[in-house]
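A.B. asks: Handing you a structure now.
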Amino acid sequence: MTVDRFYIHGPTPLSGEVNISGAKNSALPILFATLLTEEPVEIFNVPKLKDIDVTIKLLTQLGAKVDHCDVVFVDTSSVNTCCASYDLVKSMRASIWALGPLVARFGEGKIWLPGGCSIGKRLVDLHVNGLEQLGATIILEEEYVTASVNGRLHGAHIIMDKISVGATVTIMSAAALAEGVTIIDNAAREPEIVDTANFLIMLGTNINGAGSNRITIEGAQKLGGGKYSIMPDRIETGTFLVAAAVSRTNVVCLGSRPDTLRFVIKKLRESGADINMGKDWIGLNMHGKRPKAVTVCTKPYPGFPTDMQAQFTLLNIVSKGKGKIIETIFENRFMHVPELVRMGARIKILNNMIVCHGVDSLIGTQVMATDLRASASLVLAGCIAEGLTIVDCVYHIDRGYDHIEKKLRNMGAHIKRVTNK
């Protein structure tokens, strides 16, 4: 097995222009939603990511024809199995998004759970509860979940126990082919939900309310094909804005959506950043000033995104003063903290909160990437740290950032990928 590392020599200021890629959290559910139609679909602005590669392999394994170049062409008319391979599913929990479209169109779907553990079961509870209310029969075993229905799924009024982006996608996608009207209350409001809904509308579903906490879906008997372009990735945008903020420099994020990052922009302005924006770009300039520490509390959209928490941890540890990060969405999402402490950060963990005391500089060392967003914060930390930083297990970052080392090099970083066998 090969393991990639990043070797980063710092400190180097990061500045310039960066082109923002398509949103991973839109691209994945939209690719799985192509299973709802037997008509061909062309999808533009799909990011080049490991999770996208796995999704395309999974669709191909189910029998779909997929051509993946600059544009992704998907034809699922030849799908001949409703069971997703464990070897593919185990590496990506987002594969649960195949279940709703499979049972909605073919009457059956079987998805192996990642790792086949109790944690996996808890992760799919909201998904399967929603499908059950749409009329699916669910068999939930230790290693897999099967959904089946005689005839079509039927519309339902579903009140979600808690806000969940993933479960909202599953229910909305399955309801696209259900008989009658489905109402989702307490739905997730993320821009990626709106993007997925717009794709389903393009296929022929009637959807209202996406982006609010109540979504209404009028199911169609059959869906068509068409062309669709994925929205820009707001988390990638936020990551590069933080890159310039911690470097005390400037950046322009081209092909972005400022309207999806209001809370992030608000907090960056609180830190002292000068921010300008247009319809499809955001510019940040620190004018050489050290940032001021801020307090953020993660919330479902439109609140501060949990996927920006690790990046703002980095911002706080190199800022003036004391800042707090409060995590309310996920447990155990502070795994980047011990790695940053090894680089000289002053951080204290208090239950679901971390308190950061700003330091003048960080010191390069060898660190371990533990998850997607944590790995991004460690890479940025390496860019501004004194000396050599080695980031292990960068496959995490390949899951969610399109050619991050190339984009950082264009901004001035001294970063190299090394493959160890």
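Quick reminder: no glycine exception, Cβ is built from N, Cα and C everywhere.
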A.B. asks: Looking at the UDP-N-acetyl-alpha-D-glucosamine binding annotation from Swiss-Prot, with Arg93, Ile329 already listed, which candidate in Asp70, Asp75, Asp307 is the matching residue?
C.D. replies: Asp307
A.B. asks: What other residues of the same chain, not counting Arg93, Asp307, Ile329, have a CB atom within 8 A of the CB centroid of the UDP-N-acetyl-alpha-D-glucosamine site?
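C.D. replies: Here the nearby residues are Val165, Thr306, Phe330.
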A.B. asks: Sorry to bug you, but what's the C-alpha spacing from Asp307 (UDP-N-acetyl-alpha-D-glucosamine binding site) to Lys24 (phosphoenolpyruvate binding site), rounded to the closest Å?
C.D. replies: 12
A.B. asks: What is the interatomic distance between the Cα atoms of Asn25 (phosphoenolpyruvate binding site) and Asp307 (UDP-N-acetyl-alpha-D-glucosamine binding site), given in whole Å?
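C.D. replies: For Asn25 (phosphoenolpyruvate binding site) versus Asp307 (UDP-N-acetyl-alpha-D-glucosamine binding site), the Cα atoms are 11 Å apart.
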A.B. asks: Using a Cβ-Cβ cut-off under 8 angstroms and a sequence gap of six or more, which residues of the chain neighbour Asp307 (UDP-N-acetyl-alpha-D-glucosamine binding site)?
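C.D. replies: Residues satisfying the criterion: Ile235, Arg373.
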